[in-house]
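Peer 1: Positions annotated as ADP binding site by Swiss-Prot, on the basis of similarity to another entry: 104, 105, 106, 253, 442. Summarising the annotation, Swiss-Prot assigns D-glucose binding site to 194, 195, 229, 230, 256, 284, 315. Annotation comment: Swiss-Prot describes 35-488 as domain 'Hexokinase'. Annotated region 'Hexokinase small subdomain' per Swiss-Prot: 89-228, in sequence order, evidence recorded as sequence analysis. As annotated by Swiss-Prot, region 'Hexokinase large subdomain' applies to 229-477, with the evidence given as sequence analysis.
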């Protein structure tokens, strides 16, 4: 009997040891997987570093590109647009003007009523419509037919007080967020598509002519009399209320910048000189690239698989269309190596490109709850990653911060490059000139962490003394309103050239 008891005890002890060994082994494997996840995070963080010294290198490279772009037509980053003198006279106009805001997955139509010199903007309203994905990769005719139809709906619903008298056409400022040869006239061609568009038959075509044709087919009595770039529109909209606006930056689905330059500093400009002696420069800075940009394997893969590989590199690192996608790619790498750690049955939910949008990333980044509830909900609802631990959510939050911080600090470097080109990057005796930067776009407006990082980074780069003279203002709907304002001043543009 004793032998049986002893034998049973031995067997029981062995079983306990075996279970304990399995538990220890499981914990070791789990610990090992967590270690790999953290290693991926640390590696990504290291490659995304944007020390002040690196940002100053990026700013210097931006300035060099700006000089090159202004020197000859071969420069790709800067192109001369509308004379600055038109903006100072915007307040003189009376009447109702329209603007079409096109360049992302949505487009807007605006109606602006101006009250003249003392009246300012009396009334403004807009309607927004989504562009079906099929039209973003279809034909030019199909896209502009859809836009004209939405324009017609907007006009049909307007109040009687906005109706034009017989014989007078409604006048439209066409605000285009796509890189184009916009000449502040009633013509212009698309240089290349960005922001998810890929319509081959529209490249090189007169987009104003295409829109005009579509409006005629809809029997819409409206004339396009100004083709305006997004940042030029934002600068005009900001200048309407603040005379010190000298720079405009768009941070939305895409990104771009414009600034005020002296005509003498534009060697390639051979046209008439406006009375102000200044011009607005559209930079197309989304297409900026430099060896100093902290690119990672995730950025290279995103670029290679995009509709426009090797183009818009700066935009792909800093704009609302791509930030969430960069995060998704890093999470996919984590999941591939640490599948059990993420409690996932399949990687399929992470395989869909752009399934994780930047607004989702922003919501997670702004989560301050003790258990990071929003992060957990987003992972479950969008990526089908359920039952995540707190440390998993913290890892995701850290990745959000890395992606956003890199983008915001690179934007700050871009602004520093502009200020450097304008000679406003160093303190002046007697006090520095006040410079107002008009900002527009959903990324800047809604992603608070991104906005604060950008502004604080620029302050650090400039130094405390100079930073007090640089002011950021949110020019809400500035680009679209600016397009309407520039349309209103079109006749003055001709007078300035006389």
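Positions of Cβ are set from backbone N, Cα and C atoms, glycine also.
How buried are the listed features, and what sits near them?
Peer 2: Secondary structure at residue 105 (ADP binding site), taken from DSSP and collapsed to helix, strand or coil, is coil. Residue environment of residue 105 (ADP binding site) contains 14 other Cβ atoms, counted within 10 Å of its Cβ in all protein chains.
Of all Cβ atoms in the protein chains displayed, 29 besides its own lie within 10 Å of the Cβ of residue 256 (D-glucose binding site).
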Peer 1: Tell me, what is the mean pLDDT of the region 'Hexokinase small subdomain' (89-228)?
Peer 2: 77
Peer 1: Which one of the binding-site residues (230, 284, 315) has its C-beta surrounded by the most other C-beta atoms within 10 angstroms?
Peer 2: 230
Peer 1: Which of 106, 229, 253 has the fewest nearby Cβ atoms, counting only those within 10 Å, among these binding-site residues?
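Peer 2: Each of the binding-site residues 106, 229, 253 was scored; lowest Cβ tally within 10 Å is 106.
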Peer 1: Taking the Cβ of residue 442 (ADP binding site) as centre, how many other Cβ atoms lie within 10 Å?
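Peer 2: Taking every protein chain into account, the count is 17.
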Peer 1: Under a three-state reduction of DSSP output, how is residue 229 (D-glucose binding site) classified: helix, strand, or coil?
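Peer 2: In the DSSP reduction, residue 229 (D-glucose binding site) maps to strand.
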Peer 1: Under DSSP, is residue 256 (D-glucose binding site) helix, strand or coil?
Peer 2: strand
Peer 1: Would you identify the secondary structure of residue 442 (ADP binding site) according to DSSP, in three states?
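Peer 2: Its secondary structure by DSSP: helix.
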Peer 1: How many whole Å apart are the CA atoms of residue 230 (D-glucose binding site) and residue 105 (ADP binding site)?
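Peer 2: Cα to Cα, residue 230 (D-glucose binding site) and residue 105 (ADP binding site) are separated by 15 Å.
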